[in-house]
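Report on one structure; see the data block that follows.
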Amino acid sequence: MRIDIISVVPDLIKSPFEGSIMQRAIEKGFVEVHFHNLRKYSTNNYKQVDDYQYGGGAGMVMMVEPIDKCISELKSERDYDEIIYMSPDGETLNQKQANQLSLKGNLMILCGHYKGVDQRVRDLFITKEISIGDYVLSGGELGAAVLCDSIIRLIPGVLGDETSALTDCFQDNLLSPPIYTRPADYKGHKVPEILLSGHQQKIEAWRDDKALERTKALRPDILED
Ligand code: SAH
């Protein structure tokens, strides 16, 4: 997989890719991530990429031309499965979308800033708009990092234990069961006996029960899905 991320502040987004699972996925060649500084595509000497809104109102708007130049350059080099704009009014990110996107070859992600991008960018180039939740961030960078993490960990082979992503929350419309590690008794608080029993079938049944119980209690809405 290849992911191209376009931003006016690319430094803001690099560090999540420099540690843990995303770094390993890059090092092992499961994914290539490229950052593009939009200012490089500015058409004036001041490296300007935003301007006042037509019709007045507070907040600067990211101009269509530098974005067009950047996206067009990338598109001339390869085909993209999706060109995503991070936006609070996009489809809210969920595990199903992450699963679908993890199967793609080339993704482009545009991060907005200021008041957002000129509507014509969305009309002309964007194939998918994704929000990471009903709140407003200062820029799309942190959202793009969240999106990339949710996708990259699902690429087959990225997580050491192949089954580990499959047993995460939301994969079967269920939350995860409780998990424990050593010690078996912490100040009188004991690990459930069944987990120490060695009966794998019974343990799985217990985990299924607990996952269902937890989902019913905390997120009945995803069960109904
Ligand atoms: N004026 C816009 C908000 C702009 S916030 C509005 O009211 O809808 C600036 C940028 O941050 C956006 O262009 C978008 O790329 C990013 N952003 C803000 N909130 C986000 C969210 N919840 N999910 C994804 N991206 C978000």
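Cβ atoms are placed via backbone N, Cα and C, with glycine included.
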Looking at the S-adenosyl-L-methionine binding annotation from TrEMBL, with Ile132, Gly133, Asp134, Tyr135, Val136, Leu137 already listed, which candidate in Gly112, Gly157 is the matching residue? Gly112
Counting all other Cβ atoms within 10 Å across every protein chain shown, which of the binding-site residues Ile132, Leu137 scores highest? Ile132
Could you work out which of the binding-site residues (Gly112, Gly133) has its C-beta surrounded by the smallest number of other C-beta atoms within 10 A? Gly133
Confidence summary (mean pLDDT) of the domain 'tRNA methyltransferase TRMD/TRM10-type' (1-224): 96
Give the three-state DSSP assignment (helix, strand or coil) for Gly133 (S-adenosyl-L-methionine binding site). coil
Could you list the residues of the same chain, at least six apart in sequence, whose Cβ is under 8 A from the Cβ of Asp134 (S-adenosyl-L-methionine binding site)? Pro88, Thr92
